[in-house]
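Chemist: Quick one: this structure, given as structure tokens, is what I'll be asking you about.
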């Protein structure tokens with residue numbers, strides 16, 4: 001053994017080829033500080049051996065290296081620029097040491113080689129992947145750029161255009177796609193991986209392969225004619241801006257770094273990367289996106305723990321077909337859990353099956369599935385007009401019309417047919433779970449399971465704990481949601497649960513602006529372009545449906561009359577009463593037609609303005625700051641109330657609920673990250689300016705105390 005540490009082992013194989021194996025404790029290899037220090041020491045030990053002729057890098061895990069240890073980032077990035085620069089330079093010195101070894105090097109890649117893992121393989125002369133390998137530089141998804149030489153080496157290995165696409169999108173690349181562009185030199189079967197890598201090194205030692213020329217290319221400026229370079233970088237900037245926009249600076253910074261470094265050798269090029277990396281690491285966007293990554297890991301970790309308490313879910317049922325039931329059935333069946341789809345009407349069953357078939361056909365058309373897989377998934381969905389097939393289900397999801405009496409009746413009925421230990425969940429967006437439980441004989445085996453529409457696209461599921469829901473029930477539904485490929489958060493029962501409870505104060509702020517003559521299209525523009533929502537409030541209400549919004553608003557007003565009760569009609573009432581229901585009937589705040597691709601197309605409709613003018617008088621202009629304040633303050637305060645009341649367990653879960661359930665702008669990180677970035681004291685001062693507008697704008701005592709102590713919701 002040449003070198004051994006808890007994360008890396010180096011041994012000498014036959015023919016004086018050394019093997020460096022990444023094999024950290026735990027399930028995966030990460031590039032944390034310990035591994036980086038071990039790699040540095042291992043390379044020093046290797047350099048001291050006079051007989052080594054080549055080096056192969058391998059992994060003792062099912063995957064190569066998944067990337068840096070992102071849990072270290074927020075603390076590290078809070079350091080002074082000088083400290084951060086020192087860390088980046090020290091890390092890069094290790095990668096340079098690997099690249100500069102006086103003999104050929106190769107990486108044997110299996111599973112993920114992402115971020116720092118990808119930058120490791122780029123520092124070697126040869127890269128051999130097995131068929132399971134996925135390679136990529138996902139750093140821009142965290143608001144930063146590669147910091148261990150990725151922006152320097154990748155363009156010199158696969159060309160500027162390919163490298164810019166890889167880096168700016170942050171997408172993982174399959175082994176065969178990496179081979180096409182030259183990121184890897186060969187793709188082999190998993191069992192042949194190490195042998196193939198060693199053979200390539202033997203050929204290099206025997207001078208059958210010119211490893212020195214390959215290495216020199218990475219150390220030199222990019223070989224790109226001036227005109228071609230100008231066209232390449234100009235095109236990349238245009239494409240990046242159209243996708244990333246102004247709120248996500250990292251992809252554009254990556255293009256600029258590759259462009260500026262194109263004429264430089266390795267040393268100067270790396271300095272350009274270092275400076276851009278440090279600048280981005282200090283941004284609020286990086287803090288927000290890294291926070292989302294960590295919160296996602298936290299939420300998924302909680303779901304994994306819940307799985308230990310969960311009852312196994314081998315079969316399921318959904319009551320109520322149609323679009324929602326069909327979506328739930330598709331999601332369950334496509335992830336491997338057979339499901340019965342029960343309805344009282346054959347046309348509804350047909351609609352549900354057609355919905356599932358449509359989603360599957362789209363996957364086949366995109367090459368993401370095959371007709372055989374599609375048939376298998378459809379065979380996992382059993383349509384039924386009677387309850388009999390439901391009796392074997394481990395979990396039954398009720399998804400009938402959003403009406404308390406109808407739901408209560410269906411829940412009481414199905415309970416008579418299911419097994420003693422079956423779990424029943426209601427897919428409701430607003431109705432109290434504890435109220436619905438009153439119709440059931442076993443309320444402890446009942447909870448809420450709120451899917452978001454469209455089911456196949458929206459990652460969040462709210463699992464609602466009723467007054468009597470048992471821990472096994474909650475754990476089992478959380479585990480089932482995870483098995484369906486969803487991100488579950490557990491919330492306690494209250495009107496609107498968590499997501500809708502915090503959404504409707506936002507709509508109330510919007511209604512308040514319209515009541516004073518605000519222009520809904522102008523408000524949408526500010527909330528989309530400046531704040532960063534995927535849809536402004538008017539457009540979102542049209543998509544949700546003004547009838548749905550009208551009903552949910554009434555539920556919220558009844559549940560929280562002091563804050564959400566209202567006197568007189570608001571804009572939602574005006575649209576609803578004039579049968580303007582949104583996209584579903586072609587007219588809401590906007591008018592809708594169908595474009596050439598069959599998608600809804602929105603247009604300004606003068607009728608909407610006439611109706612609002614008749615109700616609220618002449619239009620009045622509001623500036624962007626006021627629009628943002630008056631819509632967002634109510635949502636933020638209500639989110640804080642949910643945390644204080646224990647409706648949601650942590651800032652992390654609240655923020656993930658907002659990002660995954662509502663599309664809260666990821667670059668802002670969620671309400672609690674946004675509050676911490678803004679400063680709680682600054683927010684309280686802003687809210688106080690609008691406190692005269694009512695309870696939705698009045699901060700809680702706990703918020704005021706936190707502000708006075710200069711506190712924050714996250715501990716950095």
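Every residue, even glycine, has its Cβ placed from backbone N, Cα and C.
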Chemist: Among 660, 674, 690, 697, which is the one Swiss-Prot gives for the substrate site where 296, 500 also bind?
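Modeler: Among 660, 674, 690, 697, only 660 appears alongside 296, 500 as substrate-binding in Swiss-Prot.
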Chemist: Check Swiss-Prot: it lists 324, 343, 400, 401, 402, 407, 429 as binding NAD(+). Then name which of 295, 453, 492 it lists for that same site.
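Modeler: NAD(+) site check in Swiss-Prot: besides 324, 343, 400, 401, 402, 407, 429, the record includes 453 out of 295, 453, 492.
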Chemist: Using DSSP, would you call residue 402 (NAD(+) binding site) helix, strand or coil?
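Modeler: The three-state answer is coil.
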Chemist: To see if you understand the setup: which same-chain residues, six or more apart in sequence, place their Cβ under 8 Å from that of residue 429 (NAD(+) binding site)?
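Modeler: Long-range Cβ contacts: 402, 450, 496, 497, 500, 552.
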Chemist: When the Cα of residue 296 (substrate binding site) is compared with the Cα of each of the binding-site residues 400, 401, 407, 453, which one is closest?
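Modeler: Answer for the nearest of the binding-site residues: 453.
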Chemist: Using a 10 angstroms cut-off on Cβ to Cβ distances, just flag whichever of 453, 500 is the loneliest among these binding-site residues.
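Modeler: Counting other Cβ atoms within 10 Å of each of the binding-site residues 453, 500, the minimum falls on 453.
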Chemist: Taking 296, 500, 660 as the record's substrate-binding set, what's the max Cα pairwise distance in Å, rounded to a whole number?
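Modeler: Greatest Cα-Cα span of the listed binding residues: 20 Å.
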Chemist: With the NAD(+) site defined by the record as 324, 343, 400, 401, 402, 407, 429, 453, how many Å span the farthest pair of C-alpha atoms?
Modeler: 20
Chemist: With every protein chain in view, what's the tally of Cβ atoms within 10 Å of the Cβ of residue 660 (substrate binding site), excluding that atom itself?
Modeler: 24
Chemist: Please name which of the recorded positions listed here, 139, 324, 343, is nearest in space to residue 660 (substrate binding site), Cα against Cα.
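Modeler: If we rank 139, 324, 343 by Cα distance to residue 660 (substrate binding site), first place goes to 324.
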